[in-house]
Every structure is written in structure tokens, then in C-alpha cells.
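If you look up Swiss-Prot, you'll see Ser23, Pro24, Met25, Cys26, Ala60, Gln102, Arg215, Gly307, Arg308 marked as FMN binding site, on the strength of sequence analysis. What Swiss-Prot records for Tyr28, His164, Ala165, Ala166, His167 is substrate binding site.
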Amino acid sequence: MNTVLFSPYTTRGLTLKNRIVMSPMCMYSCDTKDGTVRTWHKIHYPARAIGQVGLIIVEATGVTPQGRISEHDLGIWDDDHIHGLHELVGLVKEHGAAIGIQLAHAGRKSEVPGEIIAPSAIPFNESSPTPKEMTKADIEKTVQAFQDGARRAKKAGFDVIEIHAAHGYLINEFLSPLSNRRQDEYGGSPENRYHFLGEVIDAVREVWDGPLFVRISASDYHPDGLTVKDYVPYVKRMKEQGVDLVDVSSGAVVPARIDVYPGYQVPFAEFIRREAGIPTGAVGLITSGWQAEEVLHNGRADLVFLGRELLRNPYWPYAAAKELGVKIEAPVQYERGWRF
């Protein structure tokens, strides 16, 4: 059987062997608290490459120490991080997968001790600390930190960079009127609220000529927040700036009750793909081979991003291939167990 799921996908000169992407998921496993790659990362990510995932995106990696979600996150704010990341890249590529990294700043959702920063001095919830409103100097330093992170990612050998503009972290905080009450050129109108992300994309593109993805939260799930329709002009601008694919998630900029069900975010990816004319990745409770194939076959997205499913089963591509009646190449060491 010919499937879209197991067909190659090419973006900006990089060809993935299939359309299966490991979604960036924080492991909170840097026990040294210095942002460096640890043994866990060297086992966790290559295991999915052995499992035949096409593209593995490393978890949200802090572009500054205070930009981490927690002290146990990976970092890319210092040249000392390059060696460990380079080693991780080599291990993943050795087993046939492409590898990307998600550059991130947690903004007001950072749980690192010390001062936290955000577009406006609005806490995430009642139990969260109030962040410092960023000055223009803070903004300039943070844009520079994203560029420096991209430069280090290139030195480490990554194939793809994804900018984290979702889930209520710093860039998402600038985009949403729920968290951005600024009165300068970085707040107010939708165009102004996009300004920070626009500067980050331009800064990254100055030093990075490879595939560039952006993860977005296509709905704030709040009557006064952003909807998927609001994201269409944002994504069109991203495309003009050289973004190659938008990874479409949703929520988490403010506390909200979200009804989740199989493929609940796929319609967002489909809408963005159709209305903005850009390749998209679908993510969120995609669990079976047939479900993933339906999303791709019907043109609802170009790639499928799997999160928890790949935590449960590093060899999900094999299970999906068996389900769809597709024979895929097995690691030589596993051939006896992968025959069907």
C-alpha cells in the first residue's frame, strides 16, 4: 500500500524519510541545572531515531538562563552547550533521523528563581509571580539571544530550527491581547503585537539558512483572546519572512478548560494551511496510523507531530506501518522482530 505517512517530505533542501515528527516535549532532565545535555537525552532521542521517526525535534531549549521553564531544561545560551548538543545530533543522525531544536523563552511562565520578564506585568494566574514588564533594552537582548541560539544550533549541526511561539510562553505572550497590554510599538494592534516575533524571525534568518518552523497556539480558548482566524495574517507574514512550516498547537496563554478528543487540533492546522497557504504540522491526540494517514491524505496537514504516543512507544512508526500494511526498513539489529 502506498501511503502519504511513509512518503518523503522535502523542505528547503532537507528531505525527511517520512512524515512522522517527534514533537518537542520537555524532559526536565538536566540534573546539573546548567542547561547541558545529560545521559537521559542521549538515550531518549536516539531511541526514537532507531524507531524510524523521520524528524526529531529536541525539547524547548532556553535561549537565556531565565528563559527556561525550569532549572532542569536544556539551554543554548552559552557556547559551552554546543558540544553536548553536537554529540546528541550525531547520535540521532547515525540512526537515520533528521533532528531539529526548539528555541524558547518561557516569559512569565518561567519557574526559574529570580526575576522573570514578560511583555506586561501580568501574572499567568493567581499563584504565579508578577513578571517585570520588558524594556526595549530587554527586548533587544532577547531577540539577540534567539539569534545567538540559532547560531549555536547551526554549529551543533541541527537540520531544523523551530521557534516556540505557543503555549503561553514569551512570544505567545506578545501575540495575545490577554497577556500584552503594552502601549508602545510592541503592543496594541495585532501588527504591533506581532512585532517581537517578526524581529525574532528576522534575527534567526540572518544566521540560519535551513528549514525554519514556528509553533503557534491557534486558539486562546477565551472570548477576548486570539482565534485561528486571527492567526492567518500572522502566518502569512511568517511565510513572507522565510518560515517554511507552522506547527499548529493551541491554548495555554491563560488558564482555560479545553475539550480534548482525538485529533482536536487538526482543524486548526487544516485552516491555517488552506487560508495562509503554508505547510503545516498537525499535533494533538494523533495516535494511530490510520488517523495520521487520514490527516495527510486529505491535505489537512503536511506532517504529523506525535507527543505522548512516542513517549509510550518509541517504535510507533513500526506499529503504524504494520497497521497500514506498509513495509519499512528495520534496524538490522531488530529485523527478526519487525517482520510481519
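Even glycines carry a Cβ here, placed using N, Cα and C.
In this structure, the binding-site residues His164, His167, Arg215, Arg308 were compared by how many other Cβ atoms lie within 10 Å of their Cβ, and the smallest count belongs to Arg308. In this entry, Ser23, Pro24, Met25, Cys26, Ala60, Gln102, Arg215, Gly307, Arg308 make up the residues listed for FMN, with the farthest two CA atoms of the set 17 Å from each other. Its Cβ placed at the centre, Met25 (FMN binding site) has 17 other Cβ atoms within 10 Å. Within 10 Å of His164 (substrate binding site), as judged by C-alpha distances, the binding-site residues found are Ala60, Arg215; the full candidate list was Ser23, Met25, Ala60, Arg215, Arg308. The binding-site residues near Ala165 (substrate binding site), taking a 10 angstroms Cα-Cα threshold over the set Ser23, Met25, Ala60, Arg215, Arg308, are Arg215. In this view, Tyr28 (substrate binding site) is surrounded by 15 other Cβ atoms within 10 Å of its Cβ, with every protein chain counted. Considering only the binding-site residues Tyr28, Ala166, His167, the residue whose Cα is spatially closest to the Cα of Arg215 (FMN binding site) is Ala166. His167 (substrate binding site) sits 13 Å from Ser23 (FMN binding site), counting Cα to Cα. For Ala60 (FMN binding site), the same-chain residues that are 6 or more apart in sequence and have a Cβ closer than 8 Å to its Cβ are Pro24, Cys26, Ile69, Asp73, Leu74, Gln102, Ala104, Ala106, His164, Tyr169. DSSP assigns Arg308 (FMN binding site) to a helix. Max Cα-Cα distance over the annotated substrate binders (Tyr28, His164, Ala165, Ala166, His167) is 20 Å.
In this structure the C-alpha atoms belonging to Tyr28 (substrate binding site) and Arg308 (FMN binding site) are separated by 15 Å.
Ala60 (FMN binding site) falls within a strand segment according to DSSP.
Long-range Cβ proximity for Ala166 (substrate binding site), meaning a same-chain Cβ under 8 A and a gap of 6 or more residues, is found for Asn172, Arg215, Ile216, Ser217, Asp247, Ser249, Ser250, Ala252. The local packing around Ala165 (substrate binding site), expressed as other Cβ atoms within 10 Å of its Cβ over all shown chains, amounts to 27.
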